[in-house]
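Features of the protein shown, as given by TrEMBL:
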| type | residues | note |
| --- | --- | --- |
| TRANSMEM | 12-34 | transmembrane segment |
| TRANSMEM | 46-66 | transmembrane segment |
| TRANSMEM | 78-101 | transmembrane segment |
| TRANSMEM | 113-131 | transmembrane segment |
| TRANSMEM | 151-170 | transmembrane segment |
| TRANSMEM | 190-212 | transmembrane segment |
| DOMAIN | 380-480 | domain 'Histidine kinase/HSP90-like ATPase' |
Amino acid sequence: MSAIYNFFQTNIVIVYFIYPLIFFLMGFGILLKNTAHSRFNLAQSLNYLGFFGIIQGISDWGKIFIPIQQTYLNPSFIFLLGSIKTIASAISFYFLFYFGMHLLVNTREGSRKYLLIPLFLLLVWFTHFIFLQPFLVNDKNHDWWLAISDIWSRYLLAFPGGIVSSYALFLQRREFQRFGVPSMTRTLNFVIFSMVLYSIVGGIIVPYAPVIPALLFNSKLFFETTGIPVELFRGISGFLMAFFTLKILKVFDIEYQNYFYQAERQKAVMKERDMIARDLHDGIIQSIYGIGLYLEKIRSTLIDQNKDVKKVQKEFQEVITNLNAIIYDIRSYIKHLKTPKNVHHSLKEVINRLIEELNINEYLQLEFQYEYAGKELSIFKTVQIYYILKEAFSNILRHADATKASLKVIGNNENLLIEIIDNGKGIENVNSHFEKKDNYFLQQGLRNMKHRAESIGGELTIVSTLGNGVKITLLLQKGRENQKGGS
């Protein structure tokens, strides 16, 4: 026992340096961590524990540096430095107490008035320290007064602060368990243990002073009995607190990663929903509308008794075939496996298929000019162009009251120009229809066309005046495509 006592007695300065350093590094590490966006209750209170660590470390370093000043400073100035150290230590205990109370109030959703308890006790202690000093302190009892003041700051703030903090941390176990990372829950248990240990060695085992209960439990008696300075146990509790508190900060990184993953997942879901909405609008709805027009034609044919019945049967079969194709598309959408039936065809074949699908020649005098000499477009581009043209011609058939239309496809490997012109009634203030709410299908259709054009690095322009038809131009340029990343 005497060997241990002599060892620590000789190296007490090292102990006085290391254990404040541990608290300081813990506080510094906590304050460096950004937990502002975390949903954990602990994250909202953790900064106060960081303040405790930094201020506690700085104040306890005074045990090393203040005695050094005694060789050349007068006793009054040394007493002033000791008073500053004692006040700083009390403030650090206040932050420990406030950390526990803040965490407890947030967890229990209690009254914010409880947060005033640490401040009230600090003010009680500070008032006695300042106002009783002129009556009780003289040149011969500076050390006694500082020891008494330090003792009561530990009794009033450090011990209850450690106990409240331990209990508040214990209440976080359920939240950590729900998070689903068992290792973080075990780490939290070690933080709780270190906090309880500190509340004992830092809040009950106080410096020696001729007052009760300091006469019964004090650091001097502890050192003489065990041969180990209580500062070593404070250092151990501080080390455990620092190590496991800094380790538990990892839970906020995991939380952020999960939050980022969920945000990306939600973004992908929303993007998929937008895509399905566009495809339903541009594909299914337009196809159904085309079939409706075809049925109107068949009805007119049936009214005419002179028409060939076999021809009517053939037309009915075409309607059934188209309806079956729509059913196939809907099933594919549901399975998220939609693959347009035209993906293996050239752009010209796709356009001809669209003309047949919508029976455009039955309702319009269409002039189709195809002079594209470049290489075949990718499947993605072909599908997007198909839906743009489908939307454009569906709008002409439904809204334009047109009798003539022209479609030009001109280009090479560098550029591709697609132009659609009709002689219909036109659209007044065409750009305003992108924001209008009174005609959902027209608004949604125009926005879808714009979006599809941008997705392949193209530029879509719509020009129209009332009574003069509509001109739609889609321009794809190789340089612009690379910038957009279209494929």
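Numbering starts at 1 and runs along the chain as it is shown here.
Cβ coordinates are placed from backbone N, Cα and C, and glycine is handled just like the others.
Ranked by number of Cβ pairs under 8 Å to the transmembrane segment (78-101), the listed stretches 12-34, 46-66, 113-131, 151-170, 190-212 are led by 46-66. Same-chain neighbours of the transmembrane segment (113-131): 83, 86-87, 90-91, 94, 97-98, 101-102, 104-105, 149, 152-153, 156-157, 160-161, counting only residues six or more beyond its ends whose CB sits under 8 Å from a CB of the stretch. In the domain 'Histidine kinase/HSP90-like ATPase' (380-480), the DSSP tally of helix, strand and coil residues is 45 helix, 31 strand, 25 coil. Between the transmembrane segment (151-170) and the transmembrane segment (12-34), fewer than three CB pairs separated by 6 or more residues in sequence fall under 8 Å, so the two stretches do not touch.
Taking Cβ pairs closer than 8 Å, the transmembrane segment (190-212) reaches residues 144, 147-148, 150-151, 154-155, 158-163, 165-166, 169-170, 218-222, 230, 233-234, 236-238, 240-241, 244-245, 248 in its own chain, all 6 or more past its ends. Using a Cβ-Cβ cut-off under 8 Å and counting only residues 6 or more beyond its ends in the same chain, the transmembrane segment (12-34) has close neighbours at 46-47, 49-61, 63-64, 229, 231-232, 234-235, 238-239, 241-242, 245-246, 249, 252.
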